[in-house]
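Visitor: My questions will all concern the structure given below.
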Amino acid sequence: MSLSRSEEMHRLTENVYKTIMEQFNPSLRNFIAMGKNYEKALAGVTFAAKGYFDALVKMGELASESQGSKELGDVLFQMAEVHRQIQNQLEETLKSFHNELLTQLEQKVELDSRYLSAALKKYQTEQRSKGDALDKCQAELKKLRKKSQGSKNPQKYSDKELQYIDAISNKQGELENYVSDGYKTALTEERRRFCFLVEKQCAVAKNSAAYHSKGKELLAQKLPLWQQACADPNKIPDRAVQLMQQMANSNGSILPSALSASKSNLVISDPIPGAKPLPVPPELAPFVGRMSAQENVPVMNGVAGPDSEDYNPWADRKAAQPKSLSPPQSQSKLSDSYSNTLPVRKSVTPKNSYATTENKTLPRSSSMAAGLERNGRMRVKAIFSHAAGDNSTLLSFKEGDLITLLVPEARDGWHYGESEKTKMRGWFPFSYTRVLDSDGSDRLHMSLQQGKSSSTGNLLDKDDLALPPPDYGTSSRAFPTQTAGTFKQRPYSVAVPAFSQGLDDYGARSVSRNPFANVHLKPTVTNDRSAPLLS
C-alpha cells in the first residue's frame, strides 16, 4: 500500500468516528426524545382506557339489573374484561418500550460520546507516532545517502543504508496495518451501534406482536357470541316471560329479586327490607281486594302500555310482537305488584278511563301540588296509626299526627319525613296520610304509586279534588258503601273546570252509585284537556 493510500484510509477512519459523534449520537438523542413523547402518549391512552372501561362496567351493571337485558349486562362485563386483558398487554408493551429501548439507548448514548472521543484520540495518537517514526527513518536514510555520495569510499555506507531501507519498509507496513485496522475498528463501532438500535427495536416489535396476537385471539373467540347476543333487540328473554306468567298466575305477587332494580340508588336507608308488603288497614281491605282483582291493563308512571312509543330512539327496527309480551307491558305488570301500599290505583283501558288519558298527557307526578308550607316542605296528616316495630328505618305515628316530608317524592309507596310531635325521622306508608293544604285543612290523598308516586286526581294541579272512584265503567254494587268521612266519591269529572259546579252538591249524592257509568270519553290527540262527552 502506497503512502497516499494509507493517508486516504486514515481520513476515512477519522470521518467514520466523526460521523458517529456528530451525526449518529445527536440523531439517537432526538430518537430518544421522540420515544419519550410516544411513551407519554401511550400512558395517556392507558389512563383514558381505564376510565372508558370503568364506564363500560357501569353500563353492564345497569343492564344486569334489568329483567329484559341481564344477558347483555354479562356481555358488557365480558367486553370490559377482554379489553382489560388487552390493555394489560399494552401496558406490558409500554414497559418493554421504556425499559428495553429508551432507558438502554439513553445510557448508551451518554457513555458513547466519551468512549468515541477517547477511541478517536487514541487512534490519532498511535497513527501519528507510527508516522513520525517512519518519517524519521526516511530522513536518516536521506542523510546517509548524501554522505555516501560525497565520500571517497561509498561502499562503507551501503550496509547501513540497507538497514535503514529495511527499517523504513517495516515501519511503513506497521503504519499501513494500523490504519487499516483502525478503519475496520471504526466501521465495526458504527455497525455495533446500529445493530444495538435494531436489536432493541426488535424486542419492542416482538412485544407489540404479542399484544396484537393476544388481542386478536381474545376478540376472535368472544366477538361472535357478543354479536349473537344483540342480534335480536326485540326478543324478550325466557326469564322475563316466565316472570310475567308467574305474576299473572299469582295476581301480581312477584319475587323479591325482581324488585331490586330501583333500590340501588337510594340515598336514605331502604324502607322495605325484604320487599315485605305494607299492612292493610281494616277500613280499606275490601276496597283494595276488589281493585287488585280487577287490574288488567296497568299504567306505569302515567304512561300507557303497549301503545306508548313516543320515546324510543334506540329502536332501529321494530318486529311484530304479541302485545302481551311487549316490554312496556311487562314493566307495567312488574310495577303493578311493585308496592302493596294502600290504597292501590285502579288502572283501566283508555276506552273507559279518562284518568288514563290524563296520565298520557301529564305523566309527571303532581302529588306535590298541594300541602306546601312557606319553607317549601309538604306536610301530611296521619289518617291511620303506624308502628315501626324493630325496624329503625321506619317512622311510628298515631292517627292525627302531623308529618313534614323531607324528600320530594315517594318511593315504592313509602315517603320519608319527620314527625312534628316526636321529632323522629323515618320511612312511612304514604297511603296512611292525608296531604294538608296551605291553609292547614286536610284532604284525602291517594298515592297512586307504580315505581314512583303519581296522583291521577292531582294531575291538573287542582287543590280541591277528592279521591276518584275505583272504576269508571264497572257497576257500583261491587263497590263497598263508605261513609262521607271515611271515603268520598269524586263527583263528576275533576279534569274539566266546566263540571266544577258538581262539587257543591256532591255531598247530597248517594255514594253507592257510580255517576260515571254513562260517561264516554271524547278521543283527542291534543293537550287541551277537552271535556268528556256525556250521553
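Every residue gets a Cβ built from N, Cα and C, even glycine.
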Visitor: Which residue does Swiss-Prot record as phosphoserine, given the choices SER64, SER396, SER476, SER510?
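Guide: Among SER64, SER396, SER476, SER510, the residue Swiss-Prot annotates as phosphoserine is SER396.
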Visitor: Among the modified residues listed here, SER385, SER396, whose Cβ has the fewest other Cβ atoms inside 10 Å?
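Guide: If we count Cβ atoms within 10 Å for the modified residues SER385, SER396, the smallest count is at SER385.
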Visitor: Where DSSP helix means H, G or I and strand means E or B, what are the helix, strand and coil counts for the domain 'SH3' (375-438)?
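Guide: Secondary-structure composition of the domain 'SH3' (375-438): 3 helix, 28 strand, 33 coil.
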Visitor: Please work out the mean pLDDT for the residues of the coiled coil (88-153).
Guide: 83
Visitor: How far is it from SER396 (phosphoserine) to SER385 (phosphoserine), counting Cα to Cα, in Å?
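Guide: With distance taken Cα to Cα, SER385 (phosphoserine) is 8 Å from SER396 (phosphoserine).
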